[in-house]
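A short write-up of the structure that comes next.
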Amino acid sequence: MRFTRLRLNGFKSFVDPTDLVIHEGLTGVVGPNGCGKSNLLEALRWVMGENRPTAMRGAGMEDVIFAGAATRPARNFAEVALVLDNADRLAPAGFNDADTIEIVRRITRDAGSAYKANTKDVRARDIQMLFADASTGAHSPALVRQGQISELINAKPKARRRILEEAAGISGLYQRRHEAELRLAATEQNLARVEDVLDQLAQQLSTLARQAKQAARYREIGEELRRAEGSLLYRRWREADLARTEALAILRERMTAAGQAEAAARKAAGARAEAEATLPPKREEEAIAGAVLQRLTVERDTLAAEEDRARATIATLVSRVDQLGRDIEREAGLNRDAAETIGRLEWEREALETAHEGHEERLAEAAEAAREAGAALGEREEILSERTEDAARLSARHQSAQRMLVDSRTTLARSEAEAARARETVEAAAEAQERAAETWEEAAAAQEEAQERAEAAEEALVQADEARAEAQSREAEARAQRSAAEGEANALRAEVAALARLVDREAQAGSQLLDRIQVEPGFEAALGAALSDDLRAPEVAADAPSGWAALPDYDETAPLPAGAEPLAPHVGVPEVLRRRIGQIGLVGREAGAALQPLLQPGQRLVSIEGDLWRWDGFRAGAEDAPSAAALRLKQLNRLVALKRDLEEVAARAEGARQAHEALQARLAQLTRADQEAREARRAADARVTEASRAAARAEADRSISGGKLESARLAVKRYEDEAMEARARLREAEGVASALPDLEAARAGLEDLKMAVEAARIAMMSRRSLHDELRREGEARVKRRQEVTKDLSGWKHRLETAEKRSAELAERKAETEEALREAAEAPEEIAARREELAEAIEAAEERRARASDALASAEAALRAAQEAEREAERQAGESREARARAEARADAATEALQLAAERIREETERTPQQLLEALAVDPERIPTVEALETDVGRLKRQREALGAVNLRAEEDAQAVQTEHDTLKAEKTDLEEAVKKLRAGIQGLNREGRERLLTAFEQVNASFGTLFTHLFGGGEARLVMVESDDPLEAGLEIMCQPPGKKLSTLSLLSGGEQTLTALALIFAVFLANPAPICVLDEVDAPLDDANVTRFCDLLDEMTRRTETRFLIITHHAVTMARMDRLFGVTMAEQGVSQLVSVDLKRAEALVA
């Protein structure tokens, strides 16, 4: 399978439909930071089945949906499509029915993800297995994101094993083994459950036999129990009938006594009311005296608090003076310490300068010695290189001579055999050429017909796209209008509901008049000021104690003052308020005070703002808190206006909804038409592709057959010539092999020269180490001298600052001592004020005592009256309770009688008389309830002693036996399934080990070669560690760049680590090439020279594999080596766009 196209729609910053074409070779992606380049890699991983939100750099999977920008609304879905070329038909069986496979993943808010393969719904598991079998997938090492190279470098050996698994192509094998292990565990669990059930069924069979014997005894006890229970029911009914007769007689006596007690209670209540009338004046006097005393007491407590604050201030100032003295002493000590530190630092600076003298001369001498040792080493290495090349050439000549001998003999035998086969091929190729010419003519005609149909389908698709785009635009506008209208309607509904709840909560029981009044908007404050909380009273009858009673109109109504208009035309009130509302006039705020003296009794004036002027001289301004009645009237008017507005907005929202739904239906219809057109276009393209492929195959077959015929003729001549040449080369190789010098003597001389070179290298390294040590010592002294100079400057600055601080502390101490002298005068003033308050408090206490004595006498008289009332009420209450108990007893007796009769009907479906006839006994001879209950209890205990009795024991036993036999057969099947699953898992493990070891050898060999290519020398290899089982072992990387010792990957430099990791990734490609490789800014740590090596390696990979590379980069060298470039831009804030340039075509055009 080959990846050909990646399509994004609404995925992260790619809000518009965007296609990324993936051709053969190197495809580059460039653009500024933050413009969305890495979103392309994440889209590719997402469509291949990635389900971790963190891998998508999000908190939840819905974060991949475009979230909106300044000029773009948020999307409700995101979709990514991946087009695969399956012309080779290498896909799994479920996907291998077409030359092109289109994998689509779509996510919708609050609905989750859905996968489709060529428009058919599939599972995420199927998609993951499809890519796993193709040696790729969401977690493939071939998809290298930013930072993943570092993760590979820092990974533990077992984590690196996943790279080897990808090379072996066993990712899918691991998943299948895991599924088999899950099925094995489930099967073993089912087998255990079946064995448990079989044991339970065996126990049930033995239990059922015992239960059958209990059934007969159970029936006998049941008959006796039914007769005893019937007698008990009748006996209880008869006793309940006698108890009811007695209870009715007692009730009549209690009702007479209760009436007499209630009359005495009413008389005591009148006496208590007279005593209560004398209390209010005495309580008022006592409250006034208490308030005066309280005010004076508060003043005394305040004065005491002031005295405490004054004393606290004095103590604070004294403490502050002491603290400032200590601070001055501390600053003096710090000044002495700073002077000592400055002296010590100056001595150390002089010592460092003395030690540094002569350093440069010693360093130059060591450098010269290191250079001389290096020159000597270079001379010996040059000699070694020449001798090594001579020995290699001699070894190569020996090997070449031997290979020539073997190759000549092999070529002679092969050429003679191939010449004979080529003569046979000439005859078969001539016949095949005639058949291929006929097939090509038929395929060309079919291709022309399919092309005409594809052009017609393309035109229909263009028309459907235009219609759908227009409908989508109109639907978006209608959706916005509907959303706005519904939002306004919802806001009004919420306000109406809140205001309605507030109005309903304030409504009082008894139908207050306030709820029956209608006021013109703007006049609520005027009516509320005129009537205030009187409007909360209900309308009542003429004899009611409180409320609005209806009265006839006045015989003659006094007119309102000139300049005042009646308020009545602006309000609608019930009939009961006509007298009151007719006495209210409406005036301007400036005229009210002037007209108030002209008011007649009962009249009042109000302003529209809420001011009030009454006939008796009272007036209230609108700036006072408005009355509750005025607020409620405004709420009622506001509620009416809101409901009217809500009806209009709701009608408008309903119209917008209908229009939006109509456009939605139209858009759905056009979308279906567009989809059908796309399907038709896709089908036509598929037919064109199939016809083109058939024509191409026919043309290729014709060309191939012609070529085969010509090749076969040439092969006959070539193989005959090769046989003659092979005989001549064989004679020549035998002569060359006998004339070569001795190879072993040359190798021995070369080993001696290597030992001399190694001794020179050790001497050079020693001199270099001495030079480096001198240089480090000099740098350390310079650094310490700079630090000492810096510290010396700092301590001098501290000394100057400390002197200024000491002067400031002395000044603050003088100011604090002055404040202390002023604070010491306050306690004497407070003592004089305390004496004056003591005299006033003594007078107030005498007044309060007199008022309290008078109030106590009145309250004692009231308590006596209340005690008498309570006693009368107690007796009345006891009489009422006795009456209630008698009533309850009578009701209970009646209810008990009814319940007894009802229970008889429920349990026997008979009346009491019918039950007595059924029992056939004399009522007087029926035993007592206690005796019958004893018999019933005894029979129940006997029945309960039998326990649970299964009356269907024999039928149950047969059913259990049948189930037991069925489960035994199922147990045999499960045991067989467990054996098969275990054998399958063992087979998968065996296959995985074999494929993993094979891949290890291939990857290890390729890794060493690529490492040497990238570094220009050196060596590297892979090592399995931590386990003898390849499936559990870790993978360690051992490498030796040129001029360094063999070490692990973690000990290399950053650039070397990156090149080594890339060599490993590409070695995996050579073992099991993935269809696609994405490298996200892997060249960032590399310099220009290493980037050039990296690009050379990419070119080599494109030649040796069919992998298609997608390179995300910022490096100019990498960009220049790409076959084509895609640029990701963000001209519109938050929205990514894709532009492309084909560099190969551009070079061709320039040429």
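Every residue gets a Cβ built from N, Cα and C, even glycine.
Of the listed segments 23-71, 121-169, 170-218, 219-267, Swiss-Prot assigns coiled coil to 170-218. Of the given residue ranges 342-379, 532-569, 570-607, Swiss-Prot assigns the label coiled coil to 342-379. In Swiss-Prot, the region 'Disordered' annotation falls on 806-826 of the listed ranges 722-742, 806-826, 827-847, 1121-1141. Annotated range for region 'Disordered' in Swiss-Prot, selecting from 386-413, 862-889, 1030-1057: 862-889. Nonlocal intrachain contacts for the compositional bias 'Basic and acidic residues' (866-889), taken as residues 6+ away from its ends with a CB within less than 8 angstroms of a stretch CB, comprise 247, 250-251, 253-255, 257-258, 260-262, 264-265, 267-269, 271-272, 275. In the three-state DSSP reading, Gly36 (ATP binding site) counts as coil. One residue stands out among the binding-site residues Asn33, Asn39 for having the most other Cβ atoms within 10 Å of its Cβ: Asn39. With helix defined as DSSP H, G or I and strand as E or B, the compositional bias 'Basic and acidic residues' (465-480) counts 16 helix, 0 strand, 0 coil. Other than the site residues Pro32, Asn33, Gly34, Cys35, Gly36, Lys37, Ser38, Asn39, same-chain residues with C-beta atoms no more than 8 angstroms from the centre of those residues' C-beta atoms, the ATP site, are Ser13, Gly31, Val1128, Met1130, Ser1136.
Its Cβ placed at the centre, Gly36 (ATP binding site) has 25 other Cβ atoms within 10 Å. On the 0 to 100 pLDDT scale, the model's mean across the coiled coil (170-218) is 73. The local packing around Lys37 (ATP binding site), expressed as other Cβ atoms within 10 Å of its Cβ over all shown chains, amounts to 23. Less than 8 angstroms from the CB of Gly34 (ATP binding site) sit Met1130, each of them six or more residues away in the same chain.
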